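As given in TrEMBL:
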{"type": "COMPBIAS", "residues": "182-199", "note": "compositional bias 'Basic and acidic residues'"}
{"type": "COMPBIAS", "residues": "261-270", "note": "compositional bias 'Polar residues'"}
{"type": "COMPBIAS", "residues": "295-310", "note": "compositional bias 'Polar residues'"}
{"type": "REGION", "residues": "182-310", "note": "region 'Disordered'"}
{"type": "TRANSMEM", "residues": "12-31", "note": "transmembrane segment"}
{"type": "TRANSMEM", "residues": "43-63", "note": "transmembrane segment"}
{"type": "TRANSMEM", "residues": "75-97", "note": "transmembrane segment"}
{"type": "TRANSMEM", "residues": "143-164", "note": "transmembrane segment"}
{"type": "TRANSMEM", "residues": "407-429", "note": "transmembrane segment"}
{"type": "TRANSMEM", "residues": "449-472", "note": "transmembrane segment"}
{"type": "TRANSMEM", "residues": "484-504", "note": "transmembrane segment"}
{"type": "TRANSMEM", "residues": "555-578", "note": "transmembrane segment"}
Amino acid sequence: MSVLPLGGFIYAAVKPIIRIYLLMATGYFLAKYDLMSVESARAVSDLILMVFMPALTFAKVVTNLDIRDIKTIGVIILTAVLMYSASAAFAFVNVFFLTPVPKRWRGGALSAGIMQNAGDLPIAYLQNIAGGLIFTEDEGDKGVAYVIIFLAVYVVVQFNCGLFQLVEYDFKKEAEDLEREAAESARAHEKELQEEKSTPHLQTPPTPHNEALDATGVPISPTSTLSSNGDDDDDSMSIQTSELDPRPLHSNELVARKLHSNVSTATSRVPSARGRPSADSYSNNRAFSPGGISSGTVGRSAQSISHRRPSVSSTFLSAVMSNTSRRTGTSMDDRHSQFNDDDDLVREYSRAEPFNQNITTIASMVTQSNLTKKDILESGKSISFVQKYHLHALVFVLKNFQTPNSIALVSSLIIALIPWLKALFVNTGSVTLSQAPDDNPALSFILDYATYASAPCVPLGLIMLGATIARLKIKSIPKGFWKCLTAHTLFRLCVLPIIGIAWVGKLSRMKWITDDISKFVSMLQFGLPSATVQVYLTASNMRADSPSHLQMDCLALYIIAQYSMLVVSMPILVTYVLKDVLHK
């Protein structure tokens, strides 16, 4: 029988949402007003993954789980598998049959439809709702331990099993198209150069008597002087043609292509802690002309040519930049500002050259944002046995257990499920061991450290979530995409929770789960939005200079729609579960 009126349940369900969204709003405004850069946000996120989250996992699992909970742990894993299976089935039908989804975002749509935010949101919700009339503080801590089991299944599915490759799949076709266009452009460029070399020069007009002549009777001009002193015959010919050809626009484009070709054969790689250049250096690599010349290419070419042809080359390059700025209506500073506003997230996480080229496989696994299929294929490549039997995927799965989160989870489960080990950390009452001088278990100081270090995990995670949403920018909406967006959002936040309630009710009638907190956590997991880690997985596969950000646009629409609707759907779900399912 419920001890609270309906208004009390509604307030208990809404209050955690208010705290969650206040923390998200903090991160949103910090990012929106540039008080938290992308680099700072990534550093904090890495710190959460490497320190705070492992500490939270260890503290909650060791303290709140024991051998009696092993059945519940198994049921939670089964529930997670069912949830992902149902989500995958609907996502597949929705993407390929029900609604129009852009072909270049089908993998991302599948990933967003399957994976949910299994960590920060449910933990924050439980920590707020516990300690009152609904759940006790001990029940809340045990619920957090159950959430961590759900989170472990999420990590196994998304990373160990390689589901992140769905995001990478969308960019394969795009990369193939770019390579084909580059090859065709190179062949056309070589053909134009050959034609230009075989074309005779135009006859020069008669010269005034006061002009100096060389030994052959040809008037000495600044161009011919430069040509005779230059080192590169092709460059000299191109610059001569630019002055003699009555079609200056064609000649200017030819010189620009020539400059681009000279530098592209010796493109430098930018080393850094993540193999990523600064914003200033990358802004010089953005394409500034319709012909596809980059300002960085022209700038470096200008430096090399200016030593040989200071007047003509400098004047010509300045004119090209000036004319381009007038045609596009923007200055170089404007484009740099636009790059910082729109592409910082992509630039920070992208593995497209020259960014993040020096990240090791272990570093990618720890941060879980730069993994690609290449990491799977390179796993165990130095072991002949792995090469012979093609066991790279198995080695990759095992390598993923080297991450701090995996180590913390495995070690904490072993300690929690073995009474004699757990007695070294917590007073269990079932096993008696010698105590430390303060009458606490001998290794309780390790648990104290983990508990203390885990405190910033959830608040910082929610702040980072808000900062991520603030950086999402929708540049274009594909035609008819609203149908896919609506169908997925309604299924994720309305239909899937109904499936979860029915499933947990069946488990309860079968006596597979009996405690209210495990039922509540299981049903709560079915009502969560898509995982925001996909933002980083998408950014890691994008190119900052790509003319289309279709994948990020579609994902941004998904996330913004779901987190907007979550304000309403989550309190309704929690109110119904507490009042009519758990009868609190």
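Even glycines carry a Cβ here, placed using N, Cα and C.
Sequence-distant contacts of the transmembrane segment (407-429), counting only residues of its own chain at least 6 positions beyond either end whose CB sits under 8 Å from a CB of the stretch, comprise 53-55, 57-58, 61-63, 65-67, 70, 148, 152, 401, 440-444, 446-447.
Using a Cβ-Cβ cut-off under 8 Å and counting only residues 6 or more beyond its ends in the same chain, the transmembrane segment (75-97) has close neighbours at 106, 109-110, 112-116, 146, 149-150, 153-154, 157, 484, 487-488, 491-492, 495-496, 499-500, 503-504, 507, 512-513, 518, 521-522, 525-526. Long-range contacts of the transmembrane segment (484-504) within its own chain (CB-CB distance under 8 A, at least 6 residues past either end) are made by residues 79, 82-83, 86-87, 90-91, 94-95, 98-101, 109, 112-113, 116, 513, 519, 522-523, 525-527, 529-530, 557-558, 561-562, 565-566, 569, 573, 576-577, 581.
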